[in-house]
Amino acid sequence: MYTRGSLPRKIGIYVIVLIMVGLMTYPLIWMIYSSLKTDREIYLFPFSLPDEMQLDNWVQAWKLGNLGRYFINSVFITSVSVFLVALISSMAGYAFARLTFKGRDLLFYTFLLGLILPAQVLIIPLFTFFDKIGILNTYFALILPYIAWGLPLSIYIFK
């Protein structure tokens with residue numbers, strides 16, 4: 001049986017990884033604990049555990065922040081985007097893998113160019129374009145870029 005590295009080296013790597021995971025998850029855990037404290041506890045004992053759990057903060061944030069509606073919007077937009085990306089890219093991937101037609105490689109590599117184009121480059125032009133055609137605050141204005149940014153990698157994977 002082949003094993004890479006010695007046992008002390010593996011233990012050292014695991015210890016380093018565990019320390020990194022702890023450092024990265026600590027702010028999230030602290031935020032959750034702080035959300036369960038009263039204002040007084042946050043100011044007096046910021047790093048301690050809450051004396052008693054205060055779920056009122058979560059209920060108030062859910063109601064005042066309209067988080068239910070935002071959650072439903074996120075689920076809807078994500079579901080539609082993922083479904084359409086899977087549908088379109090599976091058909092395109094099949095076409096690129098099985099069919100031979102003129103310009104197939106050129107078209108495939110054009111799709112792959114989408115992988116090297118950062119999404120941040122297109123945010124402002126998309127915003128101004130969607131504003132000019134009047135679809136700025138719509139589901140369509142969110143779903144369309146998600147599909148466009150998801151297609152290149154999905155087509156590559158399906159091919």
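Yeah, the Cβs are placed from backbone N, Cα and C, and that goes for glycine too.
Predicted automatically and left uncurated, TrEMBL annotations should be read as such.
Per TrEMBL, the features are:
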- 71-159: domain 'ABC transmembrane type-1' (DOMAIN)
- 12-33: transmembrane segment (TRANSMEM)
- 70-94: transmembrane segment (TRANSMEM)
- 106-127: transmembrane segment (TRANSMEM)
- 139-158: transmembrane segment (TRANSMEM)
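Counted with DSSP, the domain 'ABC transmembrane type-1' (71-159) comes out as 76 helix, 0 strand, 13 coil. Within its own chain, the transmembrane segment (70-94) is flanked in space by residues 111, 139, 142-143, 146-147, 150-151, 154-159, which lie at least six positions past its ends and keep a Cβ under 8 Å from the stretch.
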